[in-house]
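Participant: So Swiss-Prot lists the following for this protein:
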- 3-151: domain 'Globin' (DOMAIN)
- His66, His98: heme b binding site (BINDING)
Amino acid sequence: MEKLTEKEKELIRVSWESLGKDKVPHGVIMFSRLFELEPALLNLFHYNTNCGTIQDCLSSPEFLDHVTKVMLVIDAAVSHLDNLHTLEDFLLNLGKKHQAVGVNTQSFAVVGESLLYMLQCSLGQGYTAPLRQAWLNMYTIVVAAMSRGWAKNGEHKTD
C-alpha cells in the first residue's frame, strides 16, 4: 500500500477538520456532483420509488444514511493516515459490496472527481493544488484497496 508524505497528511487533516464536523451537507454536495457527472448511478439507489430524481434521492432519509456512511469512510481514512494499511480488510470488503450491487470500477474515478469538487466548493480559497494532490493521493490508495476487493468478488468487468 502506498504511503503519503507527512506534508500531505497534514494538509488532509487540517482541511478535513472543518469539513468533518458537519459531514452530511458536504456529502450531499459530493453526491450531487456525482449524479451530475454520471446520472446512471442514480439507478443503483433503490431505497424507494421516490428516488427517481436527483433531488428526491438527495432528500431521502435512506440516501442521507448512505451519504453519512460514505463520509464516515472518508473520516476513517483521514483518522488512519499514518497506518492506512490497517483499513485494508475493511476497504476490500467495501469493494466487494460495491461490486455486488452493480457499481463498476470506472465509477470510483467519478466519485474521486466528486470528492475533489466537494473539497473545492467547501474550502474555497483553502483549496490549493498541493491540497488537491494530497487528497487525490489518499483517494487513490483507498480506491486501490476497494478495487482489489471488487475484483475478488467476481469477474472483473469494466463496463
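The chain as shown is numbered from 1 upward.
Using the three backbone atoms N, Cα and C, a Cβ is placed for every residue, glycine included.
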Participant: These are the binding-site residues: His66, His98. Which one scores highest on other Cβ atoms within 10 Å?
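Facilitator: That would be His98, with the highest Cβ count within 10 Å.
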Participant: Treating G and I as helix alongside H, and B as strand alongside E, what does DSSP give for the domain 'Globin' (3-151) in helix, strand and coil?
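Facilitator: Tallied per class, the domain 'Globin' (3-151) gives 128 helix, 0 strand, 21 coil.
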